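Student: Handing you a structure now.
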Amino acid sequence: MTSAYEAARARRSWSRVTDEAPSHDELVRIVSAAGRVADHSSLRPWRLIELRGDDRLRLGRALNKAEGKRGVSTKPLRAPLLIAVVASYSKKSKVPRWEQEAVASGVAHMVSLLLDEAGWGVFWRTGSATRSKPIAKAHKLGKREELLGWLYVGGKPLDRDSGRRKAIDAEAFISRMP
Ligand SMILES: Cc1cc2nc3c(=O)[nH]c(=O)nc-3n(C[C@H](O)[C@H](O)[C@H](O)COP(=O)(O)O)c2cc1C
């Protein structure tokens, strides 16, 4: 197993993946770690929805509907497993929505990283339809829920090298209090 530092340095997004997918049990193992992100008041303001097989066609239909088109978009078929990332805001808490959304986003980044480290290809996708009514309905989102997009997950294709991204110029992103 790599260190968190090594895993973060090595990760990249995989726009094309194979038909292999992590099992539900593997996903549970990964989410149990990802869910340990910092979380103001431990609200756990997030949930994930697994889309496999024909679930993806239902999403494809909703995507087309959101764009005023008939039929089924084939976009969700680009990966065998899609993980819809849902921010589930707590009503009672004084923790503002943006903080709760940050937690849900953190979980999604952590799930992506852990899946990548475990050898799976991941690509976080959104689109103009992400927060549309047809999409909310297809995922049965509650009134206080919003979608942050989908993690498209599958096998890393062997015919592609890992294509490491250029390291970022970290100095350029850090400054002192002005
Ligand atoms: C919230 C979120 C939504 C994204 N949506 C898309 C998308 O719809 N289409 C896309 O090409 N990239 C999208 N991206 C960016 C890719 O997931 C990916 O990070 C980018 O292609 C850079 O590749 P890298 O992660 O290997 O550096 C999104 C990223 C985030 C965090």
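Please read every residue number as a count from 1 along the shown chain.
Cβ from N, Cα, C; glycine included.
A quick note: this is a predicted structure, and the numbers were derived from the prediction, not measured.
Residues or ranges marked as domain 'Nitroreductase' in TrEMBL: 9-154. Residues or ranges marked as FMN binding site by TrEMBL: R11, R12, S13, R36, H40, W124, R125, T126.
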Student: Out of R11, R12, H40, R125, which has the highest number of nearby Cβ atoms, where nearby means within 10 Å of its Cβ, if these are the binding-site residues?
Tutor: R11
Student: How big is the FMN site in terms of the longest C-alpha to C-alpha distance among R11, R12, S13, R36, H40, W124, R125, T126, in angstrom?
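Tutor: So the maximum pairwise Cα distance among the FMN binders is 29 Å.
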Student: Please list residues from the chain of T126 (FMN binding site) whose Cβ is under 8 angstroms from its Cβ, counting only those at least six apart in sequence.
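Tutor: Those within reach of T126 (FMN binding site), by Cβ under 8 Å and sequence separation of 6 or more, are L148, G149, W150.
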Student: Can you check what DSSP calls H40 (FMN binding site), collapsed to helix, strand or coil?
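Tutor: Note: H40 (FMN binding site) is helical by DSSP.
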Student: Tell me the Cβ neighbour count for R36 (FMN binding site), meaning other Cβ atoms within 10 Å of its Cβ, over all protein chains shown.
Tutor: 11
Student: Which ones in the same chain are close to S13 (FMN binding site), with CB under 8 Å and 6+ residues apart in sequence?
Tutor: V122, F123, W124
Student: Between 0 and 100, where does the mean pLDDT of the domain 'Nitroreductase' (9-154) sit?
Tutor: 97
Student: Reduced to three states, what secondary structure does DSSP give W124 (FMN binding site)?
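Tutor: Note: W124 (FMN binding site) is in a strand by DSSP.
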